[in-house]
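Going by Swiss-Prot, these are the annotated features:
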| type | residues | note |
| --- | --- | --- |
| ACT_SITE | Asp12 | active site, proton acceptor |
| ACT_SITE | His40 | active site, proton donor |
| BINDING | 11-17, 39-41, Arg297, 323-325, 406-408 | GTP binding site |
| BINDING | Asp12, Glu13, Gly14, Lys15, Asn37, Ala38, Gly39, His40, Thr126, Arg140, Gln218, Thr233, Arg295 | IMP binding site |
| BINDING | Asp12, Gly39 | Mg(2+) binding site |
| BINDING | Thr291, Val292, Ser293, Gly294, Arg295, Ile296, Arg297 | substrate binding site |
Amino acid sequence: MDAAVIGLQWGDEGKGKIVDHLAGDFDSVVRFNGGNNAGHTVIVGERTYKLRVLPSGILREDVVSVIGNGVVLDPQGLLDEIHLLKKEGVQIHPGKLLIADNCHLVLPIHRELDVLFEQKQKLGTTKCGIGPCYQDKVARRGIRLCDLRSEEQLRKTLAGLSYYHNIVRKGAGLQEVCQEILFASLFAMRDELLCYAVPPCELQGILSGKSKLYEGAQGMLLDIDHGTYPFVTSGSSGLGQVMNGAALGCVNRVIGVMKGYVTRVGEGILPTEQDNAFGSELQKLGKEVGTVSGRIRRCGWCDLPLVRYVNAVAGVTEIVITKLDVLDSFNEIFLCCAYKGKKGKLIEICSPSKLCYSKYEAQYIVMKGWRSSTVGVTSFCDLPDGAKSFVETIEKCLDLPVTMISNGPERTQVLHR
């Protein structure tokens, strides 16, 4: 049975750990969206791996890792990541890593534009060039991995891309694109990149009959359509993107991952944000610092109306709660169960667009903290009563089963129900 792991909040929910934990039960792990702007941290024993574009399954020797066509690929960043993991003893070779050859490539000129646009618009991007790369993809002028197979095709595509970028760069006072430098840098990486490249139709054949675990980047509240627009990423993060960004067939399980609280990096609304001692304590105990950006994450209480909305649009079938242990020391824990509108009407499912343009007041369930450690507990029955009540309340409010709970940073610190 194939499964997809998606984030139910603003990213950083712990999807990488859950994918790594589950990967041993699947033949392959497939990244279907995003780029190296989204970091996944996986802890195995005493080693911490900070992955950016490689699927979290790369740490499993007998699992095939796939980068699907929905990913925008920084070629130098990918090779740097591969080289670093190889130095740490991780086995990576053609056959263990497969990349759809119609992936679009993130170039230095994309990063330069990202920095330029962020200075003006301040959307809170990671300045990795992801948005400008997606712009070129949609405008049909981007460079794809398969373009590296032909010197003639690569030069032709670079010429068209440079024509557009030079217009933008002239207006911004930047130097023109040097096509020869871009061509030389891409051509120098060609052989090392293309050894992993496979056309999508061949990927389907290679993975036919094999179980697949799809790994999402970011979270649904950063989705370009369903998130807190315009403070979102440039791609889609949900089930539809699994189909389009991997093109490998249907999914039976949609596993939604959420923290027991919420965090957000950068700009945009965070309705339950705690800009106070609670928020500072969540940030400190949860070590809430962006894997890629290094920025401190804003923290708040768990927002269930938004999660209900995400579950509805993403077709979530089960829930995973992560970082339960971060809440171990709190005397009181708050769960936002609804919003109150202007006329006092309670809203239990709320779209981000409503929150962006209307004033709603968060309504909380106040729960007594359990004040004891949940770290490494292996059975739900052995959790403190307060922790069990917290999980069961979320389960009841969302009307979906909580099938896994992460209660520590390590690979093994996940309990199943």
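Backbone N, Cα and C atoms are what each Cβ position is placed from, and that goes for glycine too.
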Nearest recorded site to Leu324 (GTP binding site) by CA-CA distance, among recorded positions Asp12, Asn37, Gln218, Arg295, Arg297:
Asp12
What is the number of other Cβ atoms found within 10 Å of the Cβ of Asp12 (active site, proton acceptor)?
27
Using CB atoms and a 10 A radius, I'd like the single residue among the binding-site residues Lys17, Arg297 with the highest neighbour count.
Lys17
From binding-site residues Lys17, Gln218, Asn407, the one whose Cα lies nearest Ile296 (substrate binding site):
Gln218
Where the distance is taken from Cα to Cα, which of the binding-site residues Gly14, Gly294, Asn407 turns out closest to Asn37 (IMP binding site)?
Gly294
Which one of the binding-site residues (Ile296, Leu324) has its C-beta surrounded by the most other C-beta atoms within 10 angstroms?
Leu324
For Thr41 (GTP binding site), what is the tally of other C-beta atoms lying within 10 angstroms of its C-beta?
17
What subset of the binding-site residues Gln218, Gly294, Arg295 lies within 10 angstroms of Gly11 (GTP binding site), using C-alpha positions?
Gln218
